[in-house]
Structures are given as C-alpha cells and as structure tokens.
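These notes concern the structure reproduced below.
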Amino acid sequence: MSAAVLAAPSAERRARMIALIQSRGAIGVLALAAIIASLRFPYFATANNFENIGTAASFLGLVAIGQTFVIILGGFDLSVGSLIGLGSVLAAYSVPYGWLPALLVPALAGCGIGLIDGLLIARAGMAPFIVTLAALLGVRGLALVLARNSMVIAQPGIFGLIANGQILGINNLIWILLIGFALAALVLNRTRFGVAVFAIGGNEEAARMLGVPVIRVKVITYMLSGTLAGLAGALLGAHLSSGLATAGQGEELKSIAAAVIGGVLLTGGVGTMAGALSGVLLLGLIQNVIDQIGNLSSYYQNLASGVFLLLAVLVQTVLTRRRA
Amino acid sequence: MSAMAASRGRLAALAERAGHDSPLALARAHSVYAAFAVLIVIDLLFTPGFRNVFVIRNLLFAAAPVILVTLGQSLTIGTRGIDLSVGSAMGLAAAVMALALAGGAWLAVAAGVGAGLAVGLINGGLVAALDINPLISSLALLVAARGTAEALLDGSRVSLPEGGLFDVLGIGAVSVIPIVAIIAVIVAGLVAVMVRTTVFGRSLLFIGANKAAAILAGIKVRRTLLLVYAASGLLAGLAGVFAAARLGASDPNYIGVNYELDAIAASVIGGTPLSGGRVSILGGVAGVLLLQVLGASFIMNDINFSYAQILKALFIVAALYLQRAGG
C-alpha cells in the first residue's frame, strides 16, 4: 500500500515531465541546434546572419500564428499560402493610394476568405481540409487572374520602409514577428476567446454544452488566420517591392510543419505560441545552415526539413502514448 | 408458404427502396457524370478545335498519370486517411528512373515504380505501425521525397533516351487512345473490382467507416492500412514514370508538383467522401477527366487558365455540399 502511495506522485511527476518536453521540447532543440551551428560555422552567430534568419522567418511566422490557432481549434488552414500570393498582388495594386490601403486591402481580403472558409466549416459542417484546399486553389487562381499571370511592380516609398526599415537597429519585420507572437500568446492564454479555442479543440461537444459559442469562435479563428496570411503577403510585397501571384506556394504546409514541430498537436486542444515560434525558427535555421554548407546542394533543405518533421512527429507520438 | 411469400415481398420492397433513392442522393451519386456530359456538349458546340483528335489524345495523355494517383488517393480516403505524398513520389520515381537508365529502359521503369512503392511503404509503416496521422506523415514525405528527388539529380533535368519503351509510354497510341491511358483504365478497372469483391477491399472500407469496430471485428487493420498506402505509392510511382515518359525527361522540380491536390479534388468531386467508408473509383476517373477537360476548355477558348482554377475550387465546394446534404 505504501508502495502505491509512493508510486502515484512519481507517475504524476513523470506525466508532467513528458508534458513539459512536449510543449517546450522544440525550444530546447532550437537552442541546441543554434549552439552547434555557431560552433561549427563562424558566420552563423553574427548579428547580420540572425537578422537574415529573422527576416526570412517573419512571413512564415505570421502565417504560423494563424495556423496554430486553427490547429488548436481542431482544424487546418491550407489557404494561407495562396493568400500570401493574393496579399502581395493586392498590396502592389493598392500602394499608389498610400501605405495604409496597401496593408488594409490584403488583410481584409484574407479576412473575407477566412470568413467564407469559416462559415462553410462551422455552419455547413464541411471538412476544414477540403474547404481550405478549395480556397487554396481558388485564391491562387484569383491572384493569378488579378496579376494577369505576371508580376505587378509596386512603388515602395513608406510602404517599403515598413518591411525594410529598422527600429533600434533591428529590422521591422523581426519586430513584427516578435510582437505578433507575443500578442498571439496573450490572446491564446489570457482571453476568453483563447480559452474557447482550447475548449473547442479539446472537446467540441463538451464546449457547446458549456455554452461556448462554437460557430462564432470557429469563424473568427479562420478569419484571424486569413487576415494574418493576407498581411504576410502585403509585407512580402513591401519587402520585395513587387506583387508576386505565385508567392507563398507551400507555406501552408510549412506553417503546419512549424506548429507540429513546436508541439501543437494535430488532434486539437494542445499547443503553445512559443512552441510554434520555435518551430518557425528551427525551419529557418535548417535552411540557413544548409545555405552555409557551401558544397551541399540547397535541395537537401527539403529533405532535411521533411526528416526533421517526421522525427518531431515520432517523438510527439511516443510521448503522447507514454503519457496516456 | 405464405410466410415465404411475405418475406419475399418484403425483400422486393427493400430492393425497390434501395433502387429509388431520394433525388438528392441521386444527384450526389451522379453529379460528376452529369457535369462531365454538360461540359463535353458545351465544348463540342462552342470550343473551336475541340473535336480535333490531337486535342483528345493530348488530354488523355495528361489524364493517365492523374487517374493513377487518384486511384491510390481514393483508397486512402476510403480508409478515412489521405496521401499528400503522391506528387512527390511521382517526382522521386522519375528521378530514380533517370539514375537507373544505364541498366536499360525496363530496369529503369521498374526502379522508378519501386521508388514510388518505397515512399508508400514508409508512409504506410508510419500510419499503420506507429499510428501517426496520415496527413502529417504524408506531408513530411511530400517535403522529403521532393527534396530527395531534387538532390538525386542535383535539381537538373535529365533527358530520357528516345525510342523503345519510353516512346511506347510517351507517344504510343492505338489510334486516338494513348497506351498509357489504356493501362490507366485497366488499372482502374482492377482497383474497382478489388474494392467491390475482395476481403481487402471490404476491409479498407470497414476501417474507413468505423476503425474501432473493424478492430473488434478482427479485421487486420494494420496490414490493410500498410497495403493501402503501399498501393498508393506504387500507383504514384507508375504515374511518375508515365509523366516523365510524356515529357521525354525526368525533371525533379516539375514532375508531379501539385498532383496530390488534383487527385484529392478528383476523388471528392467523384463522390468519395473524406469521411471514409465509401469509394467511387468510376467517379474518381470521371472527376479526373472533368478537371482535365475543364482546364483544356479554358485554354482553348483563350481564357486565362487561372479562371479554370477558380472554377475548380467552386466544383469542389459544390461536390462537398452535395455530399453533406446526402448525409
């Protein structure tokens, strides 16, 4: 009997330990990878290189915020990559009317697509996977039609400064990435909306019975994801000073990968913004390191990312089973 | 005697009811054929040059590999899974085939198909043995297999030798019908028969309808799932070989890109619901042809191809809505 009493807390401690690895493991791996990379490559740990990684990760980062909300809700958003393309094209068209429309029009367009997705998923009860897959195809088509299959050249001005300027010596895009994630973590953990997202992802039926406005929360979550993707597209347009209808292809999958690597469970109801940010940065770090290994073909980047994602999922699966 | 007659009457009534589904269910089951027929009639009437045999032949050449990956996709969706890796498996198959050219065309083709099978086996192993969500295992393979294909050929295009087997697959045709299309249709027929009549086919649908019940009923769930994903990879390998032969080259950046999306779209439009438990092979083939003809119609009418993509999206949503309404 005393053995059983003693065993109970240790089992509980083990479960807590595993939960900690699941939610914070990616941060540890990121730190470890960064240390190894800085020992191995002299150029890696320079301010210049960190800026490169951060800037390149910012577009994926914004999208990953929305994707994380959607996955915790128990869904997917495959439309975000195409929305980056649409966003950059719309930004290029709107920039003659000022920098504000150039940011707002893409964000609103993304919001609108998210609204349609959300209504079809939450109200009509269609599978998120296929609804957002249709949006992926349709939005890309729309972007190509609007850009007439070619590049739209934007006049940057203040708009370009938003994406390429600096505040306190740090690139604006990195500020946007960090502030975006901080705000998202606040919303996810400290607001009623965040609690509702977790509740629906954990057990939708129970959430409904507890009085959570399931349909409204779902629609808002998809609108949020769409808005962020449109905004990411606008920033990409500002960064490249052009609207590229084909921009953002594959980002939807990368953002899901980043979230999963960061410990966001595809079954819904579990995940952290810090984890998702670690996933985004890890993917960026892999790309950066492979770029620095001069004789290694850049094609190995996809291979490495894919294997890395698999390993992350394997570890997650094993840990989840241990915990149960 | 009268009891037997009564039961026979009841059976007849049941059979009659089964034959007379609600109009909505009928629309759901046959909408893809109706849409295809309408599109063909419109094209025959209004699209200049649509009757040209070269156009039809080209369409069928393009459709053959999509049909193959759609077959595999429908099977995985039937088990309530998904296979995002098929496009990259095509690319990898073409790349491996290019590397194995020294051993002769037949060996190269076999190596390519084998590469596709290998992707399918890894995917199936992850799904069946380790219980990993097929969406994420096949997503990882989508990224990794494409990377491997690019790394193997260093990102460059490798031309295939002219003549022999590659000409048979790339340009060979019996009058209007390409040989690859004939092969694809035969494979589709085999898959359809397999789903309807074999224990394996019944098992995969059972798993899709209710996995827990399938386990309790003694169905070999793991083995069935492994075989389903292996089949999807094998078919993708063959599709990669077909696509490369048509192109006359193995291009790791081009072959199979976005085919997984077309395959999923064709399956869903063809009446294979994502909720699993039901597969429509004939519908899937019709879905592929519908999407191919749709794209061609826009190009031939000099309308921006991107509009076809928007219309494709609307088709998917409409098909899905019909499925939902039918239960």
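Cβ coordinates are placed from backbone N, Cα and C, and glycine is handled just like the others.
Nobody curates TrEMBL annotations by hand; they come from automatic prediction.
Quick caveat, the model's predicted, so the values are computed rather than measured.
Copied over from TrEMBL, here are the features:
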| type | residues | note |
| --- | --- | --- |
| TRANSMEM | A:21-41 | transmembrane segment |
| TRANSMEM | A:53-76 | transmembrane segment |
| TRANSMEM | A:127-147 | transmembrane segment |
| TRANSMEM | A:168-188 | transmembrane segment |
| TRANSMEM | A:219-244 | transmembrane segment |
| TRANSMEM | A:256-286 | transmembrane segment |
| TRANSMEM | A:298-319 | transmembrane segment |
* Are the transmembrane segment (A:298-319) and the transmembrane segment (A:21-41) close enough that 3 or more Cβ pairs fall under 8 Å, when only pairs 6 or more apart in sequence count? -> yes
* Asked: Who are the chain neighbours of the transmembrane segment (A:256-286) in space, where the CB to CB distance is under 8 Å and they lie at least 6 residues beyond its ends?
  -> 22-27, 29-30, 33-34, 37, 53-54, 56-57, 60-61, 64-65, 67-68, 71-76, 181, 184-185, 188, 198-203, 301, 304-305, 308-309, 312-313, 316, 320
* To do: Could you tell me what the rest of the chain brings near the transmembrane segment (A:53-76), counting residues at least six beyond its ends with Cβ under 8 Å?
  => 84, 121, 128-129, 132, 171, 173-174, 176-177, 180-181, 184, 188, 197-198, 200-201, 204, 217-218, 221-222, 224-229, 231-232, 235-236, 239, 248, 251-252, 254-256, 258-260, 262, 264-271, 273, 276-277, 279-281, 283-285, 287-288
* Could you give the residue numbers and ranges of same-chain residues that sit at least 6 residues beyond the transmembrane segment (A:298-319) on either side and whose C-beta is under 8 angstroms from one of its C-beta atoms? => 18, 21-22, 25-26, 254, 257, 260-261, 263, 265, 282-283, 286-287, 290-291
